[in-house]
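*Asks:* Here's the feature list from TrEMBL:
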DOMAIN    23-508  domain 'Major facilitator superfamily (MFS) profile'
REGION    512-538  region 'Disordered'
TRANSMEM  21-48  transmembrane segment
TRANSMEM  68-87  transmembrane segment
TRANSMEM  99-118  transmembrane segment
TRANSMEM  162-189  transmembrane segment
TRANSMEM  212-231  transmembrane segment
TRANSMEM  350-367  transmembrane segment
TRANSMEM  373-392  transmembrane segment
TRANSMEM  404-423  transmembrane segment
TRANSMEM  443-464  transmembrane segment
TRANSMEM  485-504  transmembrane segment
């Protein structure tokens, strides 16, 4: 029945036009901000250590203790997980548009508040920073299910995958922007306030003005989010939510007539049919009917996202080894505080430019040609291959002559993460579930991903420590070593490849076809027609 609605058919066959690109930018700026906010903290953690955890007469600059470092880096992930579940559910209950503005305002307010973290002691500054970054993550979490659902419900059948992937690909630009802002701010302060290296004068190497640098970098994230707030509020509710969930065909037709600039009939005669027929399709998330139709699909989208993010976020483990191995970042004591921020930002921006951003846009180019399933399977396969290729001859890669090869293999791993499951795990959950549960199911899948991110970022931070207690980083217990960690990650990627077989291919199909929202409705409609002459239905 849903397939017969003119307003939904018009969306499915609509030519790509300016409004589609406007929607990509409006939804994508949320992801730009998300990536900026989650990424920029990694560039200032060493600076925070120098400012707030300086020890007199220490050979190396101050650094954040392991528990503080884990909290500062990880608290936003906890907020994101909670936000994905809460706003995913709320988006299905209240409508996508109403909730969309809320998430953006939380992001703007908490970006600014993070930079204004206050306190008289290091502990109080870190506590307020963690508090605001949790709520920043909460807003970011809401953006995942809402942006994906809105874009999937606006897009046409032919290019829907590319549109949703393009929204997600804005993360790449957010990562680049984070690096560029850090480079510009640290360069400006470095030029204005020269300082000696740490080994020359430990105290003078961190100028008092350095405290402004990390605050400016964190607060800058509010600007792109704030700029798109007005446009988000101007977007109409998606036609699929208005027609299939709110049951208001007239409003859906009016909204889409303005958006697509074509005349769409309201079809009032179908309102009663949809209202009568909806009983067959009103099953809830925890019902047997949902389990029968979509249980394996939800397991597939959640498990693949969980497994991907374990591997994807564990990349932070190896970045410091790689950067120092190829000479991008000299030993900390040979630099002053602002120089260190500059060098870290430059290195991370180059990695993003060379492997992260191209991978995203390869997905955009090919997702509607070769399909979601093929890209995800290929991505997991190559990630598995490169992880084992790094792990098995690990000693070979640590030799000075072979370090460039290690960097190339490392970059390829994350190229195939982005031209692979990192993009498809975001796209598919927005396409295969019913309209009234779409945002919730996407939120559940994304939250599983963030749980994987926590395992990747923190579980492996401890696991990758050397087995020899004398060689571990300060404050960390012995682990299983980098080589064994890489072998485990290779196995995780292989599992992701297997779980991909639970996820259906949605390429070229309408959302209603994928979610099977017509199933059961045809029978109800046929029964209504057969009994239309009777006063009491059989």
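Glycine residues also receive a Cβ, built from the backbone N, Cα and C atoms like all the rest.
Each of the listed features needs to be described in terms of its position in the shown structure.
*Replies:* Remote same-chain partners of the transmembrane segment (21-48), defined as residues 6 or more beyond its termini with a Cβ less than 8 Å from a stretch Cβ, comprise 61, 63-64, 69, 72-73, 76-77, 80, 103-104, 107, 111, 126, 133, 136-137, 140, 143-144, 147, 150-151, 154, 163, 166-175, 177-179, 181-182, 210, 213-214, 217-218, 220-221, 224-225, 227-228, 231-232, 235, 316, 332, 337-338, 340-341, 344-345, 348.
Among residues of the same chain six or more beyond the transmembrane segment (350-367), those with a C-beta under 8 A of the stretch's C-beta atoms are 161-162, 165-166, 168-169, 171-173, 175-176, 179, 319, 328, 375, 411-412, 414-420, 422-424, 427, 507.
Outside the transmembrane segment (373-392), and at least 6 residues removed from its termini, the chain residues within Cβ reach (under 8 Å) are 304, 308, 311, 363, 366-367, 406, 409-410, 412-413, 416-417, 419-425, 428, 483-484, 486-487, 489-490, 493-494, 496-497, 500, 503-505, 507.
Residues 165, 168-169, 172, 304-305, 308, 311-312, 315, 318, 322, 325-326, 351, 354-356, 358-360, 362-364, 366-367, 375-376, 378-380, 382-383, 386-387, 389-390, 397-398, 496, 500 of the same chain lie 6+ residues outside the transmembrane segment (404-423) yet bring a C-beta within less than 8 angstroms of a C-beta in it.
Listed as Cβ neighbours of the transmembrane segment (443-464) (distance under 8 Å, sequence separation of 6 or more from its ends, same chain) are residues 70, 73-74, 77-78, 80-81, 84-89, 91, 141, 144-145, 298, 301-303, 305-314, 316-317, 425-426, 429, 476-477, 479-482, 484-485, 488-489.
Within the chain carrying the transmembrane segment (485-504), a Cβ under 8 angstroms from the stretch's Cβ atoms is held by residues 296-297, 299-301, 303-304, 307-308, 310-311, 314, 317, 372-373, 376-377, 380-381, 383-384, 387-388, 390-392, 394, 421, 428, 432, 460, 463-464, 479, 514, all 6 or more beyond its ends.
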*Asks:* Can you name the far-off residues of the same chain, 6+ from the ends of the transmembrane segment (162-189), with a Cβ under 8 Å from a Cβ of it?
*Replies:* 20, 23-24, 27-29, 31-36, 39-40, 43-44, 147-148, 151-152, 154-155, 207, 209-210, 212-213, 216-217, 220, 224, 338-339, 341-342, 344-346, 348-349, 352-353, 356-357, 360-361, 363-365, 367-368, 418, 423, 426-427, 430-431
